[in-house]
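A.B. asks: Feature list, courtesy of TrEMBL:
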type     : residues : note
DOMAIN   : 68-118   : domain 'Phorbol-ester/DAG-type'
REGION   : 129-170  : region 'Disordered'
COMPBIAS : 134-145  : compositional bias 'Polar residues'
COMPBIAS : 151-163  : compositional bias 'Pro residues'
DOMAIN   : 182-449  : domain 'Protein kinase'
BINDING  : Lys215   : ATP binding site
DOMAIN   : 450-521  : domain 'AGC-kinase C-terminal'
Amino acid sequence: MRSFWIEFLTAAASHPFPAIPGDIPTPYDFDHMFPNVPAAPGMPCAGEDRSIYRRGARRWRKLYRVNGHIFQAKRFNRRAFCAFCQDRIWGLGRQGFKCIQCKLLVHKKCHKLVQKPCSNEHVDPVEVKEDANGESTLGRASSVRSRAEPEPLPETPPAPPAPVRAEDLEPGSQRHYSLEDFELIRVIGRGSYAKVLMVELKRTKRVYAMKVIKKALVTDDEDIDWVQTEKHVFETASNHPFLVGLHSCFQTPSRLFFVIEFVRGGDLMFHMQRQRRLPEEHARFYAAEISLALHFLHERGVIYRDLKLDNVLLDHEGHIKLTDYGMCKEGVRPGDTTSTFCGTPNYIAPEILRGEEYGFSVDWWALGVLTYEMLAGRSPFDIAQAADNPDQNTEDYLFQVILEKTIRIPRSLSVKAASVLKGFLNKNPAERLGCGEGAFLDIVNHPFFKSIEWEMLEQKQVVPPFKPRLEGERDLANFPPEFTDEPVHLTPDDDTVIADIDQSEFEGFEYVNPLLMSLEDCV
Ligand code: C58
């Protein structure tokens with residue numbers, strides 16, 4: 001008999017969506033949203049609703065339990081032999097299973113036949129823990145630093161290779177960047193695997209976002225695949241106006257760095273917190289620009305899988321740009337499907353929850369959730385009223401609601417808006433808007449989008465409905481305030497951790513975007 005567990009990693013919770021109508025915070029009163037003191041650290045304040053916090057995306061991994069073993073699918077680079085049939089484990093993909101406790105290696109096809117019980121079942125049970133955010137986590141999630149924890153001493157940057165200047169190189173060859181080239185300004189975001197900083201390239205004084213990933217967290221084979229995917233998607237995305245582009249990649253012994261073009265106007269979550277809900281005209285504009293970005297990715301075989309308010313950034317004019325390609329799936333052809341259980345709880349499509357194979361449809365579902373949030377000022381699966389009942393405040397309950405509850409559309413919305421929401425939020429992916437025969441044309445031709453001039457929109461020729469107020473290049477007014485006191489430095493490298501990292505896995509990670517390089521030289 002096969003059973004599987006689903007392990008997941010949590011991200012830091014962050015700032016709340018104002019829960020009370022009319023209670024629109026000004027940029028400066030976030031610290032006073034919940035003026036009372038919680039009964040105990042980590043407990044909610046009176047009136048605090050945990051369902052409204054930002055939640056990070058996660059990748060779940062399936063764990064197969066047989067005879068006390070807890071197997072996880074693995075790809076093996078080196079010689080590995082099956083403990084059951086003694087044959088070599090080889091081939092492409094994740095051909096083998098490894099027990100996370102006793103490290104036993106077997107073929108996927110042999111794992112159910114293993115007779116030998118796990119030798120150290122008692123040692124490392126995968127138990128449910130509560131992390132600092134009150135979110136339940138399993139196993140590996142304990143390696144996730146919570147925001148409440150103070151960071152240790154500043155990092156002395158590892159000795160960089162002798163700096164090479166662009167002028168010293170042969171024409172056509174490019175230098176790589178290193179941590180030394182950047183001034184770290186502040187922390188602007190955090191996910192389950194990554195921390196995102198605002199940085200300045202010292203030479204040009206230009207500002208960038210820098211996504212920092214600890215190698216120790218990505219040493220699993222499937223995680224390394226994911227780093228490659230993120231880089232490929234960045235390369236593709238650099239050609240689209242509504243997707244953030246990559247400036248460069250580099251590494252230190254402990255970390256990987258993605259230097260990303262900086263988008264200054266904050267994210268849609270932050271803007272929604274000020275607006276409460278958006279006029280239909282505004283929501284239509286954002287939903288249409290997002291549709292173009294998703295369609296561009298889909299045409300290139302990429303499922304985005306992490307559309308949410310936090311990942312929709314606004315540029316200085318008010319156009320959108322999607323960020324974070326860490327959840328993307330690449331190499332998907334029309335009709336192809338995948339089955340990884342991943343995403344951010346509130347936006348996960350029913351087909352993923354049902355454990356079905358899925359394709360691009362999951363992104364259109366997430367666009368439905370996001371558009372609903374823009375128009376209604378709350379999630380379609382709002383379980384705010386259930387926040388006091390612990391049984392109804394769990395992820396399982398949220399998933400049950402996504403799977404079963406009929407979505408109620410506020411009567412204040414127009415017929416066309418209600419229709420587009422019902423279209424995207426169809427629980428059957430085969431019937432969902434954007435997923436049928438007509439696919440993208442069905443979205444383009446939907447009455448809700450009638451006033452959109454799609455070609456003009458894609459060329460950024462349509463004036464956005466809202467222009468973020470920005471004083472200067474480094475104006476912080478549009479940024480979520482929750483990271484303001486967080487120290488910006490990186491923790492020092494730990495030699496024992498580094499010793500366990502197989503650096504060959506990250507060979508060739510360095511990259512410089514030739515287009516952005518030449519732009520830089522213009523200044
Ligand atoms: C924004 N939600 S990738 C902060 N978080 C992030 N911002 C940007 N990229 C990423 N220009 C993130 C996160 C990623 C993965 C882990 C979770 C957080 C970004 C990229 C390019 C700006 C930001 C909110 C925000 C937007 C703009 C400035 C400051 C904060």
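Using N, Cα and C of the backbone, Cβ positions are placed for all residues, glycine too.
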A.B. asks: 10 Å Cβ neighbour count around the residue listed as 'ATP binding site'?
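C.D. replies: Total other Cβ atoms inside 10 Å, all chains included: 24.
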A.B. asks: Mind looking up the mean pLDDT for the domain 'Phorbol-ester/DAG-type' (68-118) in the predicted model?
C.D. replies: 82
A.B. asks: Residue counts in helix (H, G, I), strand (E, B) and coil for the domain 'Phorbol-ester/DAG-type' (68-118), per DSSP?
C.D. replies: 3 helix, 15 strand, 33 coil
